[in-house]
Amino acid sequence: MLTYIGRRLLYMVPTVILISMVAFVIIQLPPGDYLTALAAQLSQQGQSLDHAQLVTLEHRYGLGQPIYVQYGKWIWAILSHGDFGQSFEWNRPVSALVSQRLPMTIVLGFTTVIFTWIVAFPVGIYSAIRQYSPGDYVATTLTFLGVAVPNFLIALVLMYLGYRFFGLTVGGLFSPDFENAGWNLGKLLDLFSHLWVPVVVLGAAGAAGLVRTLRANLLDELHMPYVVAARARGVPERRLLFRYPLRVALNPFISTIGWVLPTLVSGEIVVAQVLSLPTTGPLLLESLESQDMYLAGSLILIVSVLTVVGTLISDICLAWLDPRVRLRYK
Amino acid sequence: MSVQTTLATESITDSEPAQTAADEVAVARQWRLVWRAFLRHRLAVVGLVVMVIIYLVAIFAEFVAPYSATQFNSDYPYAPPQRIHLIDHSADGTHVGLFVYGYKAKLDPETLKSTFTVDTSNRIPLTLFAHSTQPYRMWGLFNAHLHLIGPKDGHTQVYLLGADHNGRDLLSRLIYGTRISMSVGLIGVGLAFVLGLVLGGVSGYFGGRTDTLIQRVVEFFMSLPTLPLWMGLAAALPSSWGSLRRYFAITIILAIMAWTGLARVTRGRFLSLREEQFVTAARLDGNRSGRVIFRHMLPSFTSYLIASLTLSVPGMILAETSLSFLGLGLQEPVVSWGVLLEDAQNIRVVATAPWLMLPGVAVVIAVLALNFVGDGLRDAADPYKR
């Protein structure tokens, strides 16, 4: 097991390095460099950079030096003291901005994954063991829809319905009263009363996909000779199901976090924009629109690395559950 | 059933066209069998019909749309959809024929917003194959006046699906958007297909170290959340680029992320086929790698490939829609479903003009249809499922 984790961690290193390179390239893509943009912005406000500041900044970002030096300085600042650079749109360090938004993103992602499981598990099992029953048809139709409807459209429709029929403004994660309040029980409850909308919207596609996988896997498994043999020996149906086929069919449940997470993060951006959630998504969009590249690049880096870490965790869980996975890497 | 299965495997292994023997044994080419199995899949057939209609609309957009995508009328901002009626019972008797009722516009003196009510006294007759006053250039080749449906009097304006904030006809824009959205899917998948087929094929056929390397790259791409990267790349496109250049750039960006799935499929197929006896036989006969791949291996899974191609088009369409919806993908004056949906981002707009969400319905229909066709093809292409 430890060898497996070690190997998996080693595999992660090149991935993370590659991600950081891609993020850095995105930072560098827009024409002009950070300093020109900053100087332009300051002069707009009637200020100007004095020479000393200019030199410090130039040194800090390694501007004017070869690209790999700039990359090195950027990554070193992040690794050594968590300095992601400065957002000139907000005039604050990127790390401060990100740490403000990131927890909500993680809470949202985590809750959504849990929600997906809770929904997909019973529905998937039901539609497999009652194949071609009315319930199965309903579930299958819903999963087809869940995969086909872009999740921001669900959000839009929900918002419209809430507004049209209940006079509600669905959106945000907190009521205005709690927006700036400190954390207490009231705020927590308020958060949960808002959180379900984005969770349902985001979880729909993932849950639909999971139901389909679970159904397909379980159906394959249920017709295996060993199941027939066990049934012939009089093993009760319930025990028969839970004993082996379900355990085998559950594997993709764990491993799919690997692909649920990337789609979740992608979906989160659009949905958060529609529902105006205080997560990283809208921040990333704003920063890209205003070409606030250090913020944008850092967000892409952080979100991608988090996804990779999430995938790693799911892989480790899978290896823990399934000896075949763990032994393959021996 | 069993006869069919053996026939299917025979026609797979036999790369030469099956000669129709004089004694008329039931001989069917692989494609025939796939088609037959496909027809048994009801939803897939429905999906195919819908898909063909959508692509026809996309191809003949200029003709199908009542107006051009940019024609506007500032008198009718957010005019609601007009229902097509057949029978009218008015004071001067009963009229039969295609028509819609006109609007009565009322300007709110405080908010300066127009509200529209249906005016049953004003009947606007419609006709199929209507002549419009403004000519359009069909495919940019020749001028034409004919529209599939439109008002009899070319000077009046009808909004069958409502209007946007500039009084542009949503139906026409939706139809022009079909062309862009569907072609982004096709071209993008075409690009991804080339990448995926070559890399996946190389990976699966040669195996060993090449395989490991390519698989690492694929895993890298698969572990990334795609949208943030797309956004980053799309945001970096120079704003000075023309709409056509931007269109291709966006398509390429989408394809960069989409090839991995196809590469996986191709590799898997190659890996399993490599061990098949007919491939070994072909190799022992002295065929070079290229010939073994293209003449012997590829034909046995083209139908399978087409299925996975069909299944990856919807992903492309959804991706383009999300990207344009966020304002980072295609941009006006290019009209795609995502660009149209961008108008519907604001809850206040959606509340006054819910029909602006209709492009979303188009997305759902297209994605569903393509998914059904893809699923049907995949099942039909698998000889063991027949």
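We number each residue from 1, going along the chain as drawn.
Cβ from N, Cα, C; glycine included.
According to TrEMBL, the features are:
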{"type": "DOMAIN", "residues": "B:178-374", "note": "domain 'ABC transmembrane type-1'"}
{"type": "TRANSMEM", "residues": "B:43-65", "note": "transmembrane segment"}
{"type": "TRANSMEM", "residues": "B:180-208", "note": "transmembrane segment"}
{"type": "TRANSMEM", "residues": "B:220-241", "note": "transmembrane segment"}
{"type": "TRANSMEM", "residues": "B:247-265", "note": "transmembrane segment"}
{"type": "TRANSMEM", "residues": "B:301-319", "note": "transmembrane segment"}
{"type": "TRANSMEM", "residues": "B:355-377", "note": "transmembrane segment"}
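The stretches the transmembrane segment (B:220-241) and the transmembrane segment (B:247-265) are in mutual contact, each linked to the other by at least three Cβ pairs under 8 Å (pairs 6 or more apart in sequence).
Between the transmembrane segment (B:43-65) and the transmembrane segment (B:247-265) there are fewer than 3 Cβ pairs closer than 8 Å, counting only pairs 6 or more residues apart in sequence, which means the two stretches are not in contact. Long-range Cβ contacts of the transmembrane segment (B:355-377) within its own chain (Cβ-Cβ under 8 Å, at least 6 residues beyond either end) map to 34, 38, 41, 43-48, 50-51, 54, 80-81, 161-162, 164, 170, 174, 177-178, 181-182, 185, 303, 306-308, 310-311, 313-314, 317-318, 321, 337-338, 340-341, 343-344, 349. Sequence-distant contacts of the transmembrane segment (B:247-265) (same chain, at least 6 residues past either end, Cβ-Cβ under 8 Å): 180, 184, 187-189, 191-193, 195-197, 199-200, 203, 214, 218, 221-222, 224, 226, 229-230, 233-234, 237, 241, 304-305, 308-309, 312, 315-316, 319-320, 323, 329-330, 334.
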